[in-house]
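*Asks:* Quick one: this structure, given as C-alpha coordinates, is what I'll be asking you about.
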Amino acid sequence: MKFVIITGLSGAGKSQAIKYMEDFGYYCVDNLPPTLLTKFAELCYQSQGPMAKVALVIDIRGGMFFEDLFSSLERMTEAGYQYEILFLDASDKALIKRFKETRRSHPLSVDGSIPEGIALEREKLKELKQKAKHIIDTTNLRSAQLKEELNNIYVEGNQSNNLIISIVSFGFKHGIPLDADLVFDVRFLPNPFYIEDLKELTGNDKKVRDYVMNAPISVEFSNKLNDMISFLIPQYIEEGKNQLVIAIGCTGGMHRSVTIAHVLYNYLKERGYRVLMNHRDSNLSIGRKG
(Lines of atoms letter the chains of each structure in order from A and count residues from 1; the text may use other names and numbers.)
(Lines give C-alpha, C1' and ligand atoms only; values in the text may rest on other atoms or scores of the structure.)
Protein backbone atom coordinates (compact mmCIF):
# COMPACT_ATOMS: atom_id res chain seq x y z
CA MET A 1 0.00 0.00 0.00
CA LYS A 2 1.40 3.37 -1.06
CA PHE A 3 -0.20 6.31 0.78
CA VAL A 4 1.12 9.75 -0.16
CA ILE A 5 0.04 13.00 1.51
CA ILE A 6 0.78 15.99 -0.71
CA THR A 7 1.02 19.33 1.03
CA GLY A 8 3.00 22.56 0.84
CA LEU A 9 2.65 26.23 0.09
CA SER A 10 -0.29 27.67 -1.81
CA GLY A 11 0.81 28.25 -5.40
CA ALA A 12 3.68 25.76 -5.24
CA GLY A 13 2.03 23.26 -7.62
CA LYS A 14 0.02 20.84 -5.50
CA SER A 15 -2.95 20.80 -7.89
CA GLN A 16 -0.63 20.01 -10.80
CA ALA A 17 1.14 17.34 -8.77
CA ILE A 18 -2.08 15.50 -7.89
CA LYS A 19 -3.01 15.40 -11.59
CA TYR A 20 0.33 13.78 -12.42
CA MET A 21 -0.08 11.28 -9.60
CA GLU A 22 -3.40 10.28 -11.14
CA ASP A 23 -1.57 9.76 -14.44
CA PHE A 24 0.80 7.44 -12.56
CA GLY A 25 -2.11 5.25 -11.47
CA TYR A 26 -2.76 6.67 -8.02
CA TYR A 27 -6.27 7.04 -6.61
CA CYS A 28 -6.33 10.78 -5.90
CA VAL A 29 -8.30 13.08 -3.59
CA ASP A 30 -7.83 16.85 -3.51
CA ASN A 31 -8.39 18.96 -0.36
CA LEU A 32 -9.38 16.21 2.06
CA PRO A 33 -10.35 17.61 5.51
CA PRO A 34 -7.67 16.43 7.99
CA THR A 35 -10.35 15.19 10.39
CA LEU A 36 -11.29 12.54 7.81
CA LEU A 37 -7.72 11.38 7.20
CA THR A 38 -7.64 8.41 9.57
CA LYS A 39 -11.03 7.10 8.46
CA PHE A 40 -10.07 7.52 4.81
CA ALA A 41 -6.79 5.65 5.42
CA GLU A 42 -8.72 2.84 7.09
CA LEU A 43 -10.96 2.48 4.03
CA CYS A 44 -7.95 2.50 1.72
CA TYR A 45 -6.06 -0.14 3.67
CA GLN A 46 -9.11 -2.40 3.71
CA SER A 47 -9.56 -2.02 -0.04
CA GLN A 48 -7.73 -3.67 -2.94
CA GLY A 49 -7.20 -2.83 -6.61
CA PRO A 50 -7.34 0.89 -7.40
CA MET A 51 -6.86 1.81 -3.73
CA ALA A 52 -3.45 0.12 -3.56
CA LYS A 53 -1.84 3.46 -4.42
CA VAL A 54 -3.35 6.61 -2.94
CA ALA A 55 -2.35 10.27 -3.12
CA LEU A 56 -4.24 13.11 -1.49
CA VAL A 57 -3.78 16.82 -0.99
CA ILE A 58 -4.17 18.35 2.45
CA ASP A 59 -3.29 21.99 2.84
CA ILE A 60 -4.17 25.28 4.43
CA ARG A 61 -7.47 25.40 2.52
CA GLY A 62 -8.82 23.17 5.29
CA GLY A 63 -8.99 26.30 7.44
CA MET A 64 -9.61 25.58 11.10
CA PHE A 65 -9.66 21.84 10.33
CA PHE A 66 -5.98 22.02 9.31
CA GLU A 67 -5.06 22.22 12.99
CA ASP A 68 -6.35 18.63 13.34
CA LEU A 69 -3.75 17.27 10.90
CA PHE A 70 -1.04 16.37 13.41
CA SER A 71 -3.42 14.50 15.70
CA SER A 72 -4.75 12.66 12.63
CA LEU A 73 -1.21 11.68 11.62
CA GLU A 74 -0.56 10.39 15.13
CA ARG A 75 -3.70 8.26 15.00
CA MET A 76 -2.62 6.85 11.63
CA THR A 77 0.75 5.86 13.09
CA GLU A 78 -0.90 4.28 16.14
CA ALA A 79 -3.20 2.29 13.84
CA GLY A 80 -0.23 1.02 11.83
CA TYR A 81 -1.12 2.91 8.65
CA GLN A 82 2.08 3.80 6.82
CA TYR A 83 2.24 7.06 4.88
CA GLU A 84 4.73 9.53 3.49
CA ILE A 85 4.55 13.28 3.04
CA LEU A 86 5.48 15.14 -0.14
CA PHE A 87 6.02 18.86 0.49
CA LEU A 88 6.00 21.36 -2.40
CA ASP A 89 7.89 24.60 -1.79
CA ALA A 90 8.83 27.68 -3.82
CA SER A 91 10.47 31.04 -3.23
CA ASP A 92 8.38 34.01 -2.09
CA LYS A 93 9.19 35.81 -5.34
CA ALA A 94 7.93 32.90 -7.46
CA LEU A 95 4.76 32.48 -5.38
CA ILE A 96 3.91 36.19 -5.55
CA LYS A 97 4.39 36.14 -9.32
CA ARG A 98 2.09 33.13 -9.69
CA PHE A 99 -0.66 34.70 -7.58
CA LYS A 100 -0.46 37.90 -9.60
CA GLU A 101 -0.55 36.03 -12.91
CA THR A 102 -3.65 34.07 -11.89
CA ARG A 103 -5.22 37.10 -10.14
CA ARG A 104 -5.97 34.96 -7.12
CA SER A 105 -5.71 36.03 -3.50
CA HIS A 106 -3.70 34.05 -0.98
CA PRO A 107 -5.97 32.01 1.35
CA LEU A 108 -4.24 33.53 4.40
CA SER A 109 -3.72 37.04 3.04
CA VAL A 110 -4.49 39.91 5.39
CA ASP A 111 -6.13 42.88 3.65
CA GLY A 112 -5.13 41.34 0.32
CA SER A 113 -1.39 41.24 1.14
CA ILE A 114 0.10 38.24 -0.66
CA PRO A 115 3.55 38.46 1.05
CA GLU A 116 1.94 38.47 4.51
CA GLY A 117 -0.19 35.47 3.56
CA ILE A 118 2.87 33.54 2.36
CA ALA A 119 4.82 34.37 5.54
CA LEU A 120 1.94 33.21 7.74
CA GLU A 121 1.55 30.00 5.74
CA ARG A 122 5.28 29.22 5.96
CA GLU A 123 5.09 29.51 9.73
CA LYS A 124 2.05 27.24 9.95
CA LEU A 125 3.66 24.61 7.71
CA LYS A 126 7.14 24.67 9.25
CA GLU A 127 6.67 21.58 11.42
CA LEU A 128 4.88 19.68 8.65
CA LYS A 129 7.75 20.36 6.25
CA GLN A 130 10.16 18.79 8.74
CA LYS A 131 8.11 15.59 8.62
CA ALA A 132 8.23 15.37 4.80
CA LYS A 133 10.01 12.45 3.18
CA HIS A 134 10.33 14.37 -0.09
CA ILE A 135 10.61 18.14 -0.63
CA ILE A 136 10.40 19.57 -4.14
CA ASP A 137 11.26 23.22 -4.75
CA THR A 138 9.19 24.26 -7.78
CA THR A 139 10.61 27.79 -8.04
CA ASN A 140 12.31 27.15 -11.36
CA LEU A 141 10.55 23.97 -12.46
CA ARG A 142 8.42 23.88 -15.56
CA SER A 143 5.37 21.63 -15.49
CA ALA A 144 7.16 18.87 -17.41
CA GLN A 145 10.10 18.98 -14.99
CA LEU A 146 7.76 18.61 -12.01
CA LYS A 147 6.24 15.56 -13.66
CA GLU A 148 9.72 14.12 -14.25
CA GLU A 149 10.66 14.57 -10.58
CA LEU A 150 7.43 12.94 -9.43
CA ASN A 151 7.99 10.11 -11.90
CA ASN A 152 11.47 9.47 -10.54
CA ILE A 153 10.17 9.37 -6.97
CA TYR A 154 6.87 7.53 -7.30
CA VAL A 155 7.25 5.44 -10.45
CA GLU A 156 10.90 4.66 -11.16
CA GLY A 157 11.74 5.17 -7.49
CA ASN A 158 9.65 2.12 -6.59
CA GLN A 159 11.83 -0.13 -8.73
CA SER A 160 14.90 0.04 -6.49
CA ASN A 161 16.31 1.64 -3.40
CA ASN A 162 18.75 3.83 -5.31
CA LEU A 163 19.11 7.49 -4.52
CA ILE A 164 17.47 10.05 -6.80
CA ILE A 165 20.11 12.67 -7.58
CA SER A 166 19.22 16.17 -8.76
CA ILE A 167 22.04 18.29 -10.17
CA VAL A 168 21.26 22.02 -10.28
CA SER A 169 23.49 24.63 -11.90
CA PHE A 170 22.96 28.17 -10.63
CA GLY A 171 24.42 31.66 -10.35
CA PHE A 172 25.43 32.95 -6.93
CA LYS A 173 24.10 36.39 -7.86
CA HIS A 174 20.62 34.81 -8.05
CA GLY A 175 20.90 32.96 -4.73
CA ILE A 176 21.72 29.41 -3.66
CA PRO A 177 18.96 26.82 -4.35
CA LEU A 178 16.78 26.41 -1.27
CA ASP A 179 16.77 22.61 -1.30
CA ALA A 180 20.50 22.04 -1.93
CA ASP A 181 22.20 19.31 0.12
CA LEU A 182 25.66 19.95 -1.33
CA VAL A 183 26.89 23.24 -2.82
CA PHE A 184 30.03 23.58 -4.95
CA ASP A 185 31.54 26.91 -6.02
CA VAL A 186 33.25 26.76 -9.45
CA ARG A 187 33.95 30.48 -9.87
CA PHE A 188 37.70 29.71 -9.86
CA LEU A 189 37.47 27.95 -13.24
CA PRO A 190 38.24 29.75 -16.55
CA ASN A 191 35.34 32.01 -17.47
CA PRO A 192 34.03 31.90 -21.09
CA PHE A 193 32.33 35.24 -20.45
CA TYR A 194 35.57 36.97 -21.43
CA ILE A 195 35.73 35.18 -24.79
CA GLU A 196 33.72 37.15 -27.33
CA ASP A 197 32.56 34.11 -29.34
CA LEU A 198 31.40 32.31 -26.18
CA LYS A 199 30.00 35.17 -24.13
CA GLU A 200 26.38 34.79 -25.28
CA LEU A 201 26.42 30.98 -25.27
CA THR A 202 25.89 28.70 -22.26
CA GLY A 203 27.39 25.50 -20.91
CA ASN A 204 24.76 23.66 -22.93
CA ASP A 205 26.86 24.52 -25.99
CA LYS A 206 29.76 22.19 -26.78
CA LYS A 207 32.08 25.13 -27.56
CA VAL A 208 31.67 26.44 -24.02
CA ARG A 209 32.13 23.03 -22.43
CA ASP A 210 35.25 22.40 -24.49
CA TYR A 211 36.72 25.77 -23.46
CA VAL A 212 36.11 25.17 -19.76
CA MET A 213 37.23 21.53 -19.76
CA ASN A 214 40.39 22.19 -21.79
CA ALA A 215 41.85 23.81 -18.68
CA PRO A 216 43.82 21.36 -16.46
CA ILE A 217 42.27 22.87 -13.31
CA SER A 218 38.79 22.05 -14.63
CA VAL A 219 39.71 18.43 -15.33
CA GLU A 220 41.37 18.05 -11.93
CA PHE A 221 38.39 19.57 -10.11
CA SER A 222 35.91 17.47 -12.06
CA ASN A 223 37.81 14.27 -11.23
CA LYS A 224 37.94 15.15 -7.54
CA LEU A 225 34.24 16.06 -7.55
CA ASN A 226 33.36 12.75 -9.20
CA ASP A 227 35.40 10.88 -6.60
CA MET A 228 33.77 12.73 -3.71
CA ILE A 229 30.22 12.18 -4.98
CA SER A 230 31.00 8.51 -5.66
CA PHE A 231 32.14 8.18 -2.05
CA LEU A 232 29.12 10.03 -0.61
CA ILE A 233 26.32 8.32 -2.52
CA PRO A 234 26.62 4.91 -0.78
CA GLN A 235 26.73 6.69 2.59
CA TYR A 236 23.49 8.56 1.84
CA ILE A 237 21.81 5.39 0.59
CA GLU A 238 22.86 3.51 3.74
CA GLU A 239 21.31 6.16 6.01
CA GLY A 240 18.05 5.93 4.04
CA LYS A 241 18.26 9.21 2.15
CA ASN A 242 16.27 9.01 -1.09
CA GLN A 243 16.93 12.45 -2.59
CA LEU A 244 20.24 14.24 -3.03
CA VAL A 245 20.36 17.75 -4.48
CA ILE A 246 23.80 18.81 -5.71
CA ALA A 247 24.06 22.52 -6.52
CA ILE A 248 26.94 23.80 -8.64
CA GLY A 249 27.34 27.56 -8.82
CA CYS A 250 29.32 30.13 -10.73
CA THR A 251 28.77 33.89 -10.95
CA GLY A 252 25.76 34.04 -13.25
CA GLY A 253 24.87 30.37 -13.70
CA MET A 254 25.49 30.48 -17.42
CA HIS A 255 28.84 28.92 -18.37
CA ARG A 256 31.02 27.17 -15.78
CA SER A 257 28.35 25.76 -13.47
CA VAL A 258 26.36 24.42 -16.43
CA THR A 259 29.49 22.78 -17.84
CA ILE A 260 30.43 21.02 -14.60
CA ALA A 261 26.80 19.97 -14.09
CA HIS A 262 26.89 18.27 -17.51
CA VAL A 263 30.15 16.48 -16.71
CA LEU A 264 28.87 15.22 -13.34
CA TYR A 265 25.51 14.23 -14.83
CA ASN A 266 27.16 12.12 -17.54
CA TYR A 267 29.53 10.54 -15.01
CA LEU A 268 26.68 9.45 -12.71
CA LYS A 269 24.43 8.34 -15.58
CA GLU A 270 27.15 6.06 -16.91
CA ARG A 271 27.26 4.38 -13.50
CA GLY A 272 23.55 3.63 -13.48
CA TYR A 273 22.28 6.26 -11.04
CA ARG A 274 18.94 7.98 -11.55
CA VAL A 275 19.90 11.58 -12.19
CA LEU A 276 18.01 14.78 -13.01
CA MET A 277 19.67 17.96 -14.25
CA ASN A 278 18.27 21.48 -14.11
CA HIS A 279 20.06 24.65 -15.26
CA ARG A 280 18.23 27.12 -13.07
CA ASP A 281 19.75 30.40 -14.20
CA SER A 282 21.27 29.71 -17.63
CA ASN A 283 18.69 31.88 -19.39
CA LEU A 284 18.78 34.70 -16.83
CA SER A 285 22.37 35.77 -17.24
CA ILE A 286 22.85 36.50 -20.94
CA GLY A 287 25.43 39.26 -21.25
CA ARG A 288 26.58 38.93 -17.63
CA LYS A 289 29.55 37.18 -16.08
CA GLY A 290 28.91 33.45 -15.87
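The backbone N, Cα and C atoms fix where each Cβ goes, glycine too.
Okay, so Swiss-Prot annotates it like this:
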BINDING   Gly8, Leu9, Ser10, Gly11, Ala12, Gly13, Lys14, Ser15  ATP binding site
BINDING   Asp59, Ile60, Arg61, Gly62  GTP binding site
*Asks:* Under a criterion of Cβ-Cβ distance under 8 Å and sequence separation of at least 6, what residues of the same chain contact Ile60 (GTP binding site)?
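*Replies:* Result: Ser10, Phe66, Pro107, Leu108, Glu121, Lys124, Leu125.
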*Asks:* Where does Ser10 (ATP binding site) sit by DSSP, helix, strand or coil?
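*Replies:* Its secondary structure by DSSP: coil.
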*Asks:* Based on DSSP, name the secondary structure state of Asp59 (GTP binding site): helix, strand or coil.
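*Replies:* The three-state answer is coil.
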*Asks:* Give the sequence-ordered set of same-chain residues, not counting Gly8, Leu9, Ser10, Gly11, Ala12, Gly13, Lys14, Ser15, with Cβ within 8 Å of the centre of the Cβ atoms defining the ATP site.
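*Replies:* Those within range, site residues removed, are Asp59, Leu88, Ala90, Thr138.
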*Asks:* Counting other Cβ atoms within 10 Å of each residue's Cβ, which of the binding-site residues Lys14, Arg61 comes out lowest?
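*Replies:* Among the binding-site residues Lys14, Arg61, the lowest count of other Cβ atoms within 10 Å belongs to Arg61.
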*Asks:* Of all the binding-site residues given, Gly8, Gly11, Gly13, which has the fewest Cβ neighbours within 10 Å once its own Cβ is left out?
*Replies:* Gly13
*Asks:* What is the interatomic distance between the Cα atoms of Gly8 (ATP binding site) and Asp59 (GTP binding site), given in whole Å?
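*Replies:* Gly8 (ATP binding site) to Asp59 (GTP binding site), Cα-Cα distance: 7 Å.
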*Asks:* Between Lys14 (ATP binding site) and Asp59 (GTP binding site), what is the CA-CA distance rounded to a whole number of Å?
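*Replies:* For Lys14 (ATP binding site) versus Asp59 (GTP binding site), the Cα atoms are 9 Å apart.
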